[in-house]
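Single-structure report; data block below.
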Amino acid sequence: MASTAHWWLEVALRLVVILGFFLVVPLLVGQMEHKAMAHMQGRLGPMRAGGFHGWAQLIADGVKFAQKESVVPADADRLVFQLAPAVALLPYLVALVVVPIGPGTQVGVALDLGLFFVLAVMGVGVLGTLMGGWASANKYSLLGGIRTAAQLMAYELPMLLSAASVGMAAGTLSLGAIVDKWQWWWLPWQLIGAFVFFVSGLAELQRPPFDMPVADSEIIFGAYTEYTGLRFAFFLLAEYAGIVLLCLLTSVLFLGGWHGPFSAHLGWLWTVLKTLALAFVVIWLRVSYPRLREDQLQRFAWTALIPLALAQLAITGVVRVL
Amino acid sequence: MGLGGTGGTTYYSAYSIVGMLLLLGVAFVTVSFAANSLLAPARPTPEKLLTYECGVDPVGEGWAHTHVRYYVYAFLYVIFAVDAVYLFPWATVFAAPGFGVTTLVEMFVFIGFLAVGILYAYKKGVLTWL
């Protein structure tokens with residue numbers, strides 16, 4: 001009986017930690033984005049809220065969003081419109097549960113199918129954008145939704161193929177076991193796969209240079225045009241939670257996750273550092289590259305990313321067997 | 001005690017933890033929306049509920065008919081995605097003892113099919129939008 005109570009307590013603790021991680025780390029990335037972009041563009045960025053370098057800006061934003069009126073346009077498909085932000089947000093929370101932060105038991109729950117599960121659940125998130133784009137009954141939203149759907153055709157396949165390459169290298173789909181087996185020479189071995197995975201992840205998250213579905217200067221904000229208040233904030237949170245998840249996955253699959261000096265004690269720190277470094281790259285790319293056109297992404301995916309991913313599969317197979 | 005495999009967590013209880021996290025997330029969203037509806041004002045006016053179209057009255061309806069030019073990509077995508085799913089179970093066993101070079105040759109046949117497919121689509125001009 002005591003062990004059952006212990007089990008429930010441990011599960012509850014893990015779930016609360018995951019929810020906390022999910023709510024806090026995206027804010028850190030958002031703050032990093034404010035500051036990194038400001039420095040790269042030679043401006044200050046938010047400096048007022050909270051006193052020291054505007055550290056409380058995102059909290060102030062959150063308070064503002066929570067107090068704003070939720071407007072549902074009269075022409076919109078009401079129920080779908082209202083559900084869309086939750087559908088966009090929740091998959092990123094659920095996916096976090098299988099990603100190992102440190103060695104051993106430092107993971108929400110170690111599923112044998114972890115890699116497959118993460119990819120499947122991440123794929124659900126885009127449905128929220130599609131729902132919002134259609135249900136808004138707005139021409140810009142519809143265009144944004146159609147662009148999102150087009151983007152889906154481009155990134156999903158190279159992402160699956162490059163992730164499968166890591167599964168082949170490790171001989172398992174459990175994320176914890178993949179990190180366990182990781183050796184430093186996997187870095188050059190899986191380099192092409194890492195590039196393909198990260199780039200397709202950027203396209204999935206609709207981050208620059210692949211932000212055509214939201215393209216604020218062309219189609220207002222795509223599928224999010226009609227959203228206000230908390231629902232809009234949830235779409236934004238979904239974007240940043242997506243960045244965190246993509247960077248976590250890239251570091252777990254390709255950069256060795258918790259491997260590093262003193263990994264027995266400081267493993268989780270290495271995972272977090274690698275994740276934040278990758279998040280910085282995501283922000284850096286936003287500042288550095290102009291937006292692509294949808295057909296350019298499509299061509300890039302089918303004539304560059306997919307052939308590269310297939311080549312990576314071949315390299316992985318040959319090295320593993322011979 | 002590790003969750004998943006050891007220490008009293010079985011296959012089903014591992015997935016039930018995933019389910020519990022989903023419920024926790026749903027609860028978080030519900031509570032947020034409830035708090036939002038308590039905190040936020042609600043003063044709808046006909047103008048406010050109008051579809052946004054750059055400040056002018058909307059023309060026609062939002063669900064406009066559009067020619068989806070990338071539908072050929074969608075066909076390609078479905079075909080390839082189904083193929084890609086088969087890779088995952090195979091990836092875990094292909095290097096196991098007793099398989100070795102045979103599976104490697106099979107892999108090249110598989111990748112070859114995919115590559116020829118893409119090459120064919122490319123030659124047919126399917127991979128150029130517009």
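Note that Cβ sites are derived from N, Cα and C of the backbone, with glycine treated the same way.
Annotations in TrEMBL come from automatic prediction, not curation.
Copied over from TrEMBL, here are the features:
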TRANSMEM  A:12-30  transmembrane segment
TRANSMEM  A:79-101  transmembrane segment
TRANSMEM  A:113-136  transmembrane segment
TRANSMEM  A:157-178  transmembrane segment
TRANSMEM  A:184-203  transmembrane segment
TRANSMEM  A:232-255  transmembrane segment
TRANSMEM  A:267-287  transmembrane segment
TRANSMEM  A:299-319  transmembrane segment
Exercise. For the transmembrane segment (A:113-136), which partner among A:12-30, A:157-178, A:184-203, A:267-287, A:299-319 gives the most CB pairs under 8 Å?
Worked result: A:157-178
Seminar exercise, completed: Tertiary contacts of the transmembrane segment (A:232-255), defined by C-beta under 8 angstroms and 6+ residue spacing from its ends, are 22, 25-27, 29-30, 61-62, 65-66, 85-86, 88-89, 92-93, 95-96, 99-100, 115, 118, 122, 125, 128-129, 132, 163, 166, 175, 178-179, 186-187, 190, 193-194, 197-198, 201-202, 204-207, 224, 271, 274-276, 278-279, 282
Exercise. Do the transmembrane segment (A:79-101) and the transmembrane segment (A:299-319) share at least 3 Cβ pairs closer than 8 Å, excluding pairs fewer than 6 residues apart in sequence?
Worked result: no
For this session: Flag the pair the transmembrane segment (A:157-178) / the transmembrane segment (A:12-30) as in contact if three or more Cβ pairs fall under 8 Å (sequence separation 6 or more).
Result: no
